[in-house]
Amino acid sequence: MNLHEYQAKQLFEHYGLPVKNGAVCQSVDEVDLVLAQLSGDKWAAKCQVHAGGRGKAGGVKLVQDVEEARSFAEKWLGQRLVTFQTDKLGQPVNQIYFEETCDIDKEFYLSAVVDRASQKVVFIASPAGGMDIEEVAQNTPHLLHKVEIDPLFGGLPYQGRELAFKLGLSGTQNKQFTDIFMGLSRLFLEKDLSLLEVNPLVLTQQGNLVCLDAKIAVDDNALFRHKDLSALQDLTQNDAREAEAEKFQLNYVALEGDIGCMVNGAGLAMGTMDIVKLYGGKPANFLDVGGGATKERVAEAFKIILTDPSVKVILVNIFGGIVRCDLIAEGVIAAVNEVGVRVPVVVRLEGTNAEIGRQILAESDVNILTAHSLQQAAELAVNAAKGEH
(Lines of atoms letter the chains of each structure in order from A and count residues from 1; the text may use other names and numbers.)
(Lines give C-alpha, C1' and ligand atoms only; values in the text may rest on other atoms or scores of the structure.)
Protein backbone atom coordinates (compact mmCIF):
# COMPACT_ATOMS: atom_id res chain seq x y z
CA MET A 1 0.00 0.00 0.00
CA ASN A 2 1.37 3.38 -1.03
CA LEU A 3 1.06 6.58 0.98
CA HIS A 4 0.80 10.11 -0.35
CA GLU A 5 3.72 12.44 0.25
CA TYR A 6 1.86 14.45 2.89
CA GLN A 7 0.95 11.26 4.76
CA ALA A 8 4.54 10.04 4.62
CA LYS A 9 5.78 13.36 5.99
CA GLN A 10 3.33 13.16 8.87
CA LEU A 11 4.98 9.85 9.75
CA PHE A 12 8.39 11.46 9.35
CA GLU A 13 7.41 14.17 11.83
CA HIS A 14 6.18 11.55 14.29
CA TYR A 15 9.64 9.95 14.18
CA GLY A 16 11.41 13.27 14.67
CA LEU A 17 12.69 13.57 11.11
CA PRO A 18 13.29 17.06 9.68
CA VAL A 19 10.65 18.15 7.14
CA LYS A 20 9.39 21.54 6.04
CA ASN A 21 6.01 22.73 7.30
CA GLY A 22 3.21 21.85 4.93
CA ALA A 23 -0.55 21.53 4.65
CA VAL A 24 -2.93 19.86 2.24
CA CYS A 25 -6.07 21.18 0.54
CA GLN A 26 -8.86 19.32 -1.26
CA SER A 27 -10.60 22.31 -2.87
CA VAL A 28 -9.66 25.70 -4.28
CA ASP A 29 -11.60 27.37 -1.47
CA GLU A 30 -9.19 25.87 1.07
CA VAL A 31 -6.04 27.32 -0.52
CA ASP A 32 -6.09 30.64 1.37
CA LEU A 33 -6.69 28.89 4.69
CA VAL A 34 -3.91 26.39 4.05
CA LEU A 35 -1.35 29.02 3.06
CA ALA A 36 -2.24 31.09 6.13
CA GLN A 37 -0.82 28.22 8.22
CA LEU A 38 2.55 28.45 6.45
CA SER A 39 5.31 31.03 6.60
CA GLY A 40 7.15 32.62 3.70
CA ASP A 41 6.00 34.35 0.54
CA LYS A 42 6.38 31.42 -1.86
CA TRP A 43 5.59 27.72 -1.56
CA ALA A 44 6.02 24.39 -3.32
CA ALA A 45 2.69 23.13 -4.68
CA LYS A 46 2.57 19.36 -5.23
CA CYS A 47 -0.15 17.17 -6.73
CA GLN A 48 -0.74 14.16 -4.48
CA VAL A 49 -0.75 10.98 -6.55
CA HIS A 50 0.75 7.51 -6.09
CA ALA A 51 3.33 7.94 -8.84
CA GLY A 52 6.76 9.39 -9.40
CA GLY A 53 7.73 11.83 -12.11
CA ARG A 54 5.29 14.50 -10.93
CA GLY A 55 7.68 17.37 -11.53
CA LYS A 56 8.38 16.52 -15.17
CA ALA A 57 4.62 16.16 -15.76
CA GLY A 58 3.84 19.60 -14.33
CA GLY A 59 2.45 18.28 -11.07
CA VAL A 60 4.95 20.19 -8.91
CA LYS A 61 5.41 23.95 -9.10
CA LEU A 62 6.96 26.76 -7.10
CA VAL A 63 4.14 29.29 -6.60
CA GLN A 64 5.05 32.90 -5.85
CA ASP A 65 1.80 34.13 -4.30
CA VAL A 66 -1.71 33.12 -3.23
CA GLU A 67 -3.20 33.80 -6.67
CA GLU A 68 -0.69 31.52 -8.37
CA ALA A 69 -1.39 28.86 -5.73
CA ARG A 70 -5.13 29.10 -6.39
CA SER A 71 -4.51 28.90 -10.13
CA PHE A 72 -2.43 25.73 -9.66
CA ALA A 73 -5.19 24.15 -7.54
CA GLU A 74 -7.86 25.10 -10.10
CA LYS A 75 -5.80 23.52 -12.86
CA TRP A 76 -5.19 20.18 -11.15
CA LEU A 77 -7.86 19.35 -8.56
CA GLY A 78 -10.28 16.86 -10.08
CA GLN A 79 -7.98 16.19 -13.03
CA ARG A 80 -5.67 13.25 -13.75
CA LEU A 81 -1.89 13.49 -13.74
CA VAL A 82 -0.07 11.38 -16.32
CA THR A 83 3.59 10.58 -15.58
CA PHE A 84 6.08 8.03 -16.87
CA GLN A 85 5.03 5.78 -13.96
CA THR A 86 1.27 5.83 -14.68
CA ASP A 87 -0.77 4.38 -17.50
CA LYS A 88 -2.14 6.62 -20.23
CA LEU A 89 -5.13 7.55 -18.05
CA GLY A 90 -2.97 8.82 -15.21
CA GLN A 91 -3.90 9.15 -11.52
CA PRO A 92 -6.65 11.37 -10.08
CA VAL A 93 -5.52 14.49 -8.22
CA ASN A 94 -7.73 14.92 -5.15
CA GLN A 95 -5.32 16.87 -2.93
CA ILE A 96 -2.66 19.54 -3.37
CA TYR A 97 0.14 19.69 -0.80
CA PHE A 98 1.60 23.14 -0.14
CA GLU A 99 4.97 23.27 1.58
CA GLU A 100 7.36 25.95 2.77
CA THR A 101 10.48 26.32 0.65
CA CYS A 102 14.15 26.32 1.59
CA ASP A 103 17.44 27.47 0.07
CA ILE A 104 19.17 24.34 -1.22
CA ASP A 105 22.93 23.92 -1.20
CA LYS A 106 23.22 20.20 -2.05
CA GLU A 107 20.85 17.33 -2.87
CA PHE A 108 21.26 13.70 -1.78
CA TYR A 109 19.34 10.47 -2.32
CA LEU A 110 18.39 8.09 0.50
CA SER A 111 16.16 5.01 0.43
CA ALA A 112 15.53 1.66 2.08
CA VAL A 113 14.18 -1.57 0.62
CA VAL A 114 13.86 -5.20 1.67
CA ASP A 115 16.57 -7.40 0.17
CA ARG A 116 15.14 -10.90 0.15
CA ALA A 117 18.45 -12.46 -0.86
CA SER A 118 20.22 -11.29 2.29
CA GLN A 119 17.00 -11.20 4.37
CA LYS A 120 17.93 -7.71 5.49
CA VAL A 121 16.90 -4.12 4.91
CA VAL A 122 19.26 -2.30 2.57
CA PHE A 123 19.77 1.45 2.86
CA ILE A 124 20.97 3.13 -0.33
CA ALA A 125 22.50 6.60 -0.34
CA SER A 126 23.90 8.73 -3.13
CA PRO A 127 25.28 12.26 -3.55
CA ALA A 128 23.29 12.39 -6.81
CA GLY A 129 19.96 13.39 -5.32
CA GLY A 130 16.93 14.82 -7.09
CA MET A 131 17.57 12.59 -10.12
CA ASP A 132 16.06 9.36 -11.42
CA ILE A 133 17.92 6.80 -9.34
CA GLU A 134 17.65 4.29 -12.20
CA GLU A 135 19.80 6.59 -14.34
CA VAL A 136 22.34 6.94 -11.53
CA ALA A 137 22.51 3.15 -11.10
CA GLN A 138 23.03 2.65 -14.83
CA ASN A 139 25.41 5.47 -15.64
CA THR A 140 27.30 6.13 -12.38
CA PRO A 141 26.90 3.07 -10.13
CA HIS A 142 29.94 4.11 -8.09
CA LEU A 143 27.80 6.93 -6.66
CA LEU A 144 25.51 4.42 -4.90
CA HIS A 145 26.50 3.46 -1.35
CA LYS A 146 24.76 0.70 0.62
CA VAL A 147 24.55 -0.67 4.15
CA GLU A 148 22.57 -3.70 5.32
CA ILE A 149 20.33 -3.50 8.38
CA ASP A 150 19.61 -6.62 10.39
CA PRO A 151 15.88 -6.41 11.23
CA LEU A 152 16.56 -7.98 14.63
CA PHE A 153 18.81 -5.11 15.69
CA GLY A 154 17.80 -2.21 13.46
CA GLY A 155 20.09 0.49 12.18
CA LEU A 156 23.23 1.18 14.18
CA PRO A 157 24.81 4.64 14.56
CA TYR A 158 28.13 3.60 13.03
CA GLN A 159 26.28 2.58 9.84
CA GLY A 160 24.74 6.02 9.58
CA ARG A 161 28.12 7.66 10.10
CA GLU A 162 29.64 5.37 7.46
CA LEU A 163 27.06 6.47 4.87
CA ALA A 164 27.46 10.11 5.87
CA PHE A 165 31.23 9.97 5.32
CA LYS A 166 30.69 8.43 1.87
CA LEU A 167 28.37 11.32 1.03
CA GLY A 168 31.05 13.79 2.05
CA LEU A 169 29.26 14.92 5.21
CA SER A 170 31.23 15.75 8.33
CA GLY A 171 30.81 17.48 11.64
CA THR A 172 27.27 18.67 12.37
CA GLN A 173 25.89 17.36 9.08
CA ASN A 174 27.32 13.90 9.81
CA LYS A 175 25.44 13.82 13.12
CA GLN A 176 22.26 15.11 11.49
CA PHE A 177 22.46 12.44 8.80
CA THR A 178 23.05 9.72 11.39
CA ASP A 179 19.98 10.86 13.34
CA ILE A 180 17.91 10.78 10.13
CA PHE A 181 19.27 7.33 9.29
CA MET A 182 18.37 6.00 12.74
CA GLY A 183 14.87 7.50 12.57
CA LEU A 184 14.19 6.08 9.12
CA SER A 185 15.46 2.68 10.26
CA ARG A 186 13.03 2.65 13.19
CA LEU A 187 10.19 3.81 10.95
CA PHE A 188 10.91 1.14 8.33
CA LEU A 189 10.98 -1.73 10.81
CA GLU A 190 8.23 -0.63 13.20
CA LYS A 191 5.74 0.11 10.42
CA ASP A 192 6.58 -2.93 8.25
CA LEU A 193 7.50 -0.89 5.20
CA SER A 194 8.54 -2.41 1.88
CA LEU A 195 9.93 0.84 0.45
CA LEU A 196 11.07 4.15 1.87
CA GLU A 197 12.57 6.90 -0.27
CA VAL A 198 13.76 10.45 0.35
CA ASN A 199 14.63 12.10 -2.96
CA PRO A 200 15.95 14.62 -2.44
CA LEU A 201 17.38 14.81 1.04
CA VAL A 202 18.75 18.36 0.93
CA LEU A 203 21.44 20.30 2.72
CA THR A 204 20.20 23.87 3.09
CA GLN A 205 22.39 26.93 2.84
CA GLN A 206 21.96 27.24 6.61
CA GLY A 207 23.71 23.88 7.02
CA ASN A 208 20.67 21.73 7.93
CA LEU A 209 19.54 18.46 6.38
CA VAL A 210 15.85 18.34 5.39
CA CYS A 211 13.71 15.54 3.91
CA LEU A 212 12.29 17.47 0.97
CA ASP A 213 10.34 14.56 -0.50
CA ALA A 214 8.99 11.35 0.99
CA LYS A 215 7.77 8.11 -0.52
CA ILE A 216 6.49 5.19 1.55
CA ALA A 217 5.08 1.78 0.62
CA VAL A 218 3.70 -0.46 3.37
CA ASP A 219 3.74 -4.26 3.15
CA ASP A 220 0.10 -5.20 2.43
CA ASN A 221 0.52 -8.44 4.39
CA ALA A 222 1.27 -6.44 7.55
CA LEU A 223 -1.64 -4.01 7.39
CA PHE A 224 -3.68 -6.10 9.83
CA ARG A 225 -1.41 -4.89 12.63
CA HIS A 226 -1.26 -1.28 11.45
CA LYS A 227 -4.85 -0.07 11.51
CA ASP A 228 -3.64 3.53 11.59
CA LEU A 229 -1.83 3.08 8.28
CA SER A 230 -4.62 1.04 6.73
CA ALA A 231 -6.97 3.96 7.37
CA LEU A 232 -4.74 6.15 5.19
CA GLN A 233 -5.33 4.07 2.07
CA ASP A 234 -6.56 6.13 -0.89
CA LEU A 235 -8.59 3.73 -3.02
CA THR A 236 -9.08 6.34 -5.73
CA GLN A 237 -5.44 5.81 -6.69
CA ASN A 238 -5.98 2.10 -7.35
CA ASP A 239 -6.98 0.64 -10.67
CA ALA A 240 -10.71 -0.18 -10.41
CA ARG A 241 -10.11 -3.76 -11.54
CA GLU A 242 -7.31 -4.24 -9.02
CA ALA A 243 -9.54 -2.93 -6.24
CA GLU A 244 -12.34 -5.31 -7.26
CA ALA A 245 -9.90 -8.23 -7.39
CA GLU A 246 -8.79 -7.56 -3.80
CA LYS A 247 -12.35 -8.19 -2.59
CA PHE A 248 -12.10 -11.78 -3.83
CA GLN A 249 -8.48 -12.32 -2.78
CA LEU A 250 -7.32 -12.27 -6.39
CA ASN A 251 -3.95 -10.74 -7.25
CA TYR A 252 -4.56 -8.64 -10.36
CA VAL A 253 -2.32 -6.13 -12.09
CA ALA A 254 -3.53 -4.40 -15.26
CA LEU A 255 -1.17 -4.30 -18.24
CA GLU A 256 -1.54 -2.93 -21.76
CA GLY A 257 -1.85 -6.05 -23.94
CA ASP A 258 -4.79 -7.97 -25.41
CA ILE A 259 -4.33 -11.50 -23.99
CA GLY A 260 -6.03 -11.93 -20.63
CA CYS A 261 -4.19 -14.35 -18.33
CA MET A 262 -5.72 -16.38 -15.48
CA VAL A 263 -3.20 -18.51 -13.60
CA ASN A 264 -2.83 -20.11 -10.16
CA GLY A 265 0.46 -19.15 -8.54
CA ALA A 266 2.47 -15.97 -8.94
CA GLY A 267 5.53 -17.70 -10.38
CA LEU A 268 3.48 -19.61 -12.95
CA ALA A 269 1.64 -16.40 -13.80
CA MET A 270 4.90 -14.59 -14.49
CA GLY A 271 6.15 -17.53 -16.56
CA THR A 272 2.90 -17.53 -18.52
CA MET A 273 3.28 -13.85 -19.36
CA ASP A 274 6.89 -14.45 -20.41
CA ILE A 275 6.00 -17.21 -22.85
CA VAL A 276 3.07 -15.21 -24.26
CA LYS A 277 5.56 -12.44 -24.96
CA LEU A 278 8.01 -14.96 -26.43
CA TYR A 279 5.38 -16.08 -28.96
CA GLY A 280 4.71 -12.50 -30.01
CA GLY A 281 1.72 -11.70 -27.81
CA LYS A 282 1.07 -9.02 -25.23
CA PRO A 283 -0.43 -9.93 -21.82
CA ALA A 284 -3.36 -7.76 -20.77
CA ASN A 285 -2.88 -8.51 -17.10
CA PHE A 286 -1.25 -10.48 -14.33
CA LEU A 287 -3.90 -12.47 -12.45
CA ASP A 288 -3.16 -15.05 -9.77
CA VAL A 289 -6.28 -16.87 -8.55
CA GLY A 290 -4.24 -18.56 -5.82
CA GLY A 291 -4.24 -22.14 -4.63
CA GLY A 292 -7.97 -22.29 -3.91
CA ALA A 293 -9.18 -21.72 -7.46
CA THR A 294 -12.89 -22.35 -6.82
CA LYS A 295 -15.68 -21.94 -9.35
CA GLU A 296 -16.70 -18.66 -7.72
CA ARG A 297 -13.20 -17.18 -7.84
CA VAL A 298 -12.72 -18.32 -11.44
CA ALA A 299 -16.01 -16.64 -12.37
CA GLU A 300 -14.96 -13.40 -10.69
CA ALA A 301 -11.58 -13.61 -12.41
CA PHE A 302 -13.31 -13.88 -15.80
CA LYS A 303 -15.49 -10.87 -14.97
CA ILE A 304 -12.51 -8.75 -13.95
CA ILE A 305 -10.46 -9.69 -17.02
CA LEU A 306 -13.39 -8.91 -19.33
CA THR A 307 -13.84 -5.41 -17.93
CA ASP A 308 -10.77 -4.59 -20.00
CA PRO A 309 -12.10 -3.82 -23.50
CA SER A 310 -8.68 -4.57 -25.00
CA VAL A 311 -8.90 -8.29 -24.17
CA LYS A 312 -9.32 -10.43 -27.32
CA VAL A 313 -8.65 -13.85 -25.79
CA ILE A 314 -8.30 -15.37 -22.32
CA LEU A 315 -5.55 -17.85 -21.49
CA VAL A 316 -6.25 -20.05 -18.46
CA ASN A 317 -3.16 -21.87 -17.18
CA ILE A 318 -3.76 -24.05 -14.11
CA PHE A 319 -1.43 -26.46 -12.35
CA GLY A 320 -3.47 -28.85 -10.22
CA GLY A 321 -1.48 -29.28 -7.06
CA ILE A 322 -3.72 -28.15 -4.24
CA VAL A 323 -6.80 -28.28 -6.49
CA ARG A 324 -7.88 -31.02 -8.90
CA CYS A 325 -7.94 -30.23 -12.60
CA ASP A 326 -11.32 -31.90 -13.12
CA LEU A 327 -12.88 -29.50 -10.61
CA ILE A 328 -11.13 -26.58 -12.30
CA ALA A 329 -12.46 -27.70 -15.69
CA GLU A 330 -16.00 -27.81 -14.32
CA GLY A 331 -15.46 -24.40 -12.75
CA VAL A 332 -14.18 -22.91 -16.02
CA ILE A 333 -17.17 -24.25 -17.97
CA ALA A 334 -19.63 -22.97 -15.37
CA ALA A 335 -17.89 -19.60 -15.20
CA VAL A 336 -17.83 -19.18 -18.99
CA ASN A 337 -21.56 -19.91 -19.14
CA GLU A 338 -22.36 -17.70 -16.14
CA VAL A 339 -20.33 -14.72 -17.28
CA GLY A 340 -21.21 -15.06 -20.94
CA VAL A 341 -17.67 -14.96 -22.28
CA ARG A 342 -17.66 -13.82 -25.92
CA VAL A 343 -13.93 -14.05 -26.61
CA PRO A 344 -11.92 -17.24 -27.29
CA VAL A 345 -10.78 -19.11 -24.18
CA VAL A 346 -7.60 -21.21 -24.19
CA VAL A 347 -7.17 -23.63 -21.29
CA ARG A 348 -4.06 -25.54 -20.30
CA LEU A 349 -4.39 -27.97 -17.38
CA GLU A 350 -1.54 -29.90 -15.78
CA GLY A 351 -1.26 -31.88 -12.57
CA THR A 352 -3.79 -33.87 -10.57
CA ASN A 353 -6.55 -35.31 -12.80
CA ALA A 354 -5.36 -33.19 -15.74
CA GLU A 355 -6.43 -35.78 -18.32
CA ILE A 356 -9.91 -35.99 -16.79
CA GLY A 357 -10.11 -32.22 -16.80
CA ARG A 358 -9.17 -32.01 -20.47
CA GLN A 359 -11.78 -34.65 -21.28
CA ILE A 360 -14.46 -32.67 -19.44
CA LEU A 361 -13.55 -29.58 -21.46
CA ALA A 362 -13.58 -31.53 -24.74
CA GLU A 363 -17.03 -33.00 -24.05
CA SER A 364 -18.59 -29.71 -23.02
CA ASP A 365 -20.68 -27.56 -25.36
CA VAL A 366 -18.56 -24.52 -24.53
CA ASN A 367 -16.17 -23.17 -27.17
CA ILE A 368 -12.86 -23.72 -25.37
CA LEU A 369 -9.49 -24.37 -26.99
CA THR A 370 -7.60 -27.03 -25.01
CA ALA A 371 -3.80 -27.06 -24.92
CA HIS A 372 -1.53 -29.91 -23.81
CA SER A 373 1.51 -27.75 -23.10
CA LEU A 374 2.25 -24.20 -22.09
CA GLN A 375 3.94 -23.57 -25.43
CA GLN A 376 0.85 -24.75 -27.31
CA ALA A 377 -1.39 -22.67 -25.05
CA ALA A 378 0.66 -19.53 -25.71
CA GLU A 379 0.66 -20.17 -29.46
CA LEU A 380 -3.11 -20.72 -29.52
CA ALA A 381 -3.72 -17.58 -27.47
CA VAL A 382 -1.47 -15.41 -29.65
CA ASN A 383 -3.09 -16.72 -32.84
CA ALA A 384 -6.56 -16.18 -31.38
CA ALA A 385 -5.67 -12.60 -30.50
CA LYS A 386 -4.70 -12.12 -34.16
CA GLY A 387 -8.03 -13.62 -35.27
CA GLU A 388 -6.43 -16.82 -36.56
CA HIS A 389 -8.14 -19.37 -34.30
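Residue positions begin at 1 at the first shown residue.
Here the Cβ of each residue, glycine as well, is placed from N, Cα and C on the backbone.
Taken straight from Swiss-Prot:
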- Lys46, Gly53, Arg54, Gly55, Glu99, Cys102, Glu107: ATP binding site (BINDING)
- Asn199, Asp213: Mg(2+) binding site (BINDING)
- Asn264, Gly321, Ile322, Val323: substrate binding site (BINDING)
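In sequence order, Glu107 are the binding-site residues from Lys46, Glu107, Asn264, Ile322 with a C-alpha within 10 Å of the C-alpha of Asn199 (Mg(2+) binding site).
For the binding-site residues Cys102, Ile322, Val323, the greatest number of Cβ atoms within 10 Å around a candidate Cβ is found at Val323.
A simple Cβ count within 10 Å picks out one of the binding-site residues Lys46, Arg54 as the most packed, and that one is Lys46.
Minimal Cβ crowding within 10 Å, among the binding-site residues Glu99, Glu107, Asp213, is found at Glu107. Ranking the binding-site residues Gly53, Arg54, Asp213 by the distance of their Cα atoms from the Cα of Gly321 (substrate binding site) places Gly53 first.
Sparsest Cβ environment among the binding-site residues Asn199, Asn264 (other Cβ atoms counted within 10 Å): Asn199. Looking only at the binding-site residues Cys102, Ile322, Val323, the one with its C-alpha closest to Asp213 (Mg(2+) binding site) is Cys102. Counting only residues at least six positions away in the same chain, the Cβ atoms of Thr83, Phe84, Gln85 sit under 8 Å from the Cβ of Gly53 (ATP binding site). When the Cα of Cys102 (ATP binding site) is compared against those of the binding-site residues Asn264, Ile322, Val323, the shortest separation belongs to Asn264. Site extent for ATP: the farthest pair of Cα atoms among Lys46, Gly53, Arg54, Gly55, Glu99, Cys102, Glu107 sits 21 Å apart.
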